[in-house]
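Comments concern the structure below.
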Amino acid sequence: MSTATPTLCERPVDTWRGMPAAQQPQWPESRALSAATGDLRRSPPLVIASECDLLRQRLAAVARGEAFLLQGGDCAETFDTVTTATIRTKLTILLQMAVVLTYAASMPVVKVGRIAGQYAKPRSKPTETRSGITLPAYRGDGVNGLPFTALARTPDPRRLVRMYQASAITLNLLRALTTGGYADLHKVHAWNQDFVAASPAGKRYETLAGEIDRALAFMNACGVDPRELHRVEFFTSHEGLVLDYEAALTRVDSWTGLPYATSGHLLWIGERTRDLDGAHVEYFSRIRNPIAVKLGPTVTADTALALIDKLDPAREPGRLTFIIRMGADLVREKLPDLVRRVTDSGALITWVCDPMHANTFAAPSGHKTRRLGAVLDEVRGFFEVHRALGTHPGGIHVELTGDDVTECVGGSTEIAFDDLGSRYESACDPRLNRSQSLDLAFLVAEMLRER
Ligand SMILES: O=C[C@H](O)[C@H](O)COP(=O)(O)O
Ligand SMILES: C=C(OP(=O)(O)O)C(=O)O
Ligand SMILES: [Mn+2]
């Protein structure tokens with residue numbers, strides 16, 4: 001084996017250009033786009049190939065039924081919230097959920113944030129109208145600004161460079177926290193400190209943390225090295241939506257000669273951009289990262305099989321994840337045929353449930369919201385389908401935050417419609433708050449244990 005240090009050379013993967021690309025920003029005519037992508041092409045990668053390969057191996061274990069995926073974070077990260085407190089709180093809730101799942105199900109949990117790159121949004125309408133004024137829709141801080149002014153809503157390619165910088169800053173802190181001691185399993189109580197008294201979910205977590213303490217003391221007495229639990233593996237992911245950005249950060253790994261998206265470990269294709277003949281599927285077919293595709297209730301098994309042919313022709317476990325977002329009312333009806341046909345084809349896919357995106361509705365106040373009850377019910381339906389077919393319900397993909405926001409209704413702290421206005425902070429979709437996220441983790445843990 002060569003002892004040379006691997007480097008990531010630059011060589012764009014450009015076959016997608018000229019193909020129909022849905023949901024792309026309408027950049028104003030200027031040289032700003034080529035200046036921004038030029039900057040990005042000259043910039044160091046955010047992640048390297050071997051990390052992506054490791055995540056692919058971890059997802060292969062999920063596909064084989066040996067592990068569970070927890071993927072979560074904001075619907076849309078914002079530049080203003082690249083702060084120590086926000087990043088640490090998002091990591092903390094994911095660590096707490098992972099502990100609940102790992103302990104209750106005795107199964108390794110692969111931890112992936114919707115973080116350090118989740119700055120671009122597909123929208124159902126290209127414009128937004130308020131009081132008779134129509135402006136371009138907000139498409140994420142990587143594209144335009146949230147304030148409802150013509151200036152903010154005009155797409156600005158310089159934001160792509162800020163997106164890279166914000167991702168780098170976030171990733172830097174995540175790497176420090178996950179390897180430097182903050183994520184040490186001996187800190188299970190510390191992660192919960194400011195939370196216990198405030199919520200039933202926090203109290204339930206505290207009881208479990210006590211059990212973990214006793215298990216750790218036992219392991220210590222048996223001579224297990226406590227340093228083994230000092231760091232956690234944590235990966236990043238985002239929707240690979242803006243192809244100018246992703247292409248500019250694509251690098252060829254000099255060890256393997258293969259191209260990798262280096263903006264995050266795992267990228268996914270959204271429900272609105274998974275056209276088989278479209279630019280996104282083409283671009284994703286060329287990169288070597290583990291990738292995912294969102295599948296909503298209109299997908300057919302034929303389309304799913306065609307996506308597998310295009311995106312995972314070698315049928316490599318861990319390469320392709322299907323993130324199912326059918327809705328609580330449709331998952332039991334629509335998912336079985338899909339899983340059956342894919343399984344019969346011989347493909348070993350990682351199946352993940354996104355119980356958020358098909359359960360969104362407008363509250364009487366106009367806020368976009370989701371009922372925790374529907375979220376839990378979709379997850380339950382997802383597990384039921386897999387149990388009936390003998391396949392593995394591989395994971396959950398959730399929009400959440402560690403802050404005590406009021407964006408989704410329900411949960412053990414009972415957020416009602418009237419509460420939504422008090423702390424609605426999402427720039428796009430409603431997220432589960434800390435207590436609702438733990439409620440979900442306890443439910444999933446119970447279902448995993450029942451298997
Ligand atoms: O995750 C994001 C949303 O689901 C997507 O942007 C669509 O939202 P919209 O219907 O408000 O445009
Ligand atoms: C837009 C999203 O999801 P979907 O593509 O499933 O609608 C999202 O994950 O924020
Ligand atoms: Mn969303």
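Glycine too: its Cβ is placed from the backbone N, Cα and C atoms.
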Query: Among E29, E128, E316, E399, which residue does TrEMBL annotate as binding Mn(2+) together with C75, H357, D429?
result: E399
Message: Of the candidates R88, R325, R332, which one does TrEMBL list alongside R114, E271, R272, K294 as binding phosphoenolpyruvate?
response: R325
- prompt: Within 8 Å of the Cβ centre of C75, H357, E399, D429, which other residues of the chain have their Cβ, at the recorded Mn(2+) site?
  reply: M356, T360, S426, C428, P430, R431
- request: State the Cα to Cα distance, in Å, between E399 (Mn(2+) binding site) and E271 (phosphoenolpyruvate binding site), rounded to an integer.
  value: 15
Task: Could you tell me which of the binding-site residues R114, K294, R325, H357 have their C-beta within a distance under 6 angstroms of some atom of ligand 2?
output: K294, R325, H357
- prompt: Within 10 Å of the Cβ of D429 (Mn(2+) binding site), how many other Cβ atoms can be counted across all chains shown?
  reply: 18
- request: Measuring Cα to Cα, tell me the gap between C75 (Mn(2+) binding site) and R114 (phosphoenolpyruvate binding site) in whole angstrom.
  value: 8
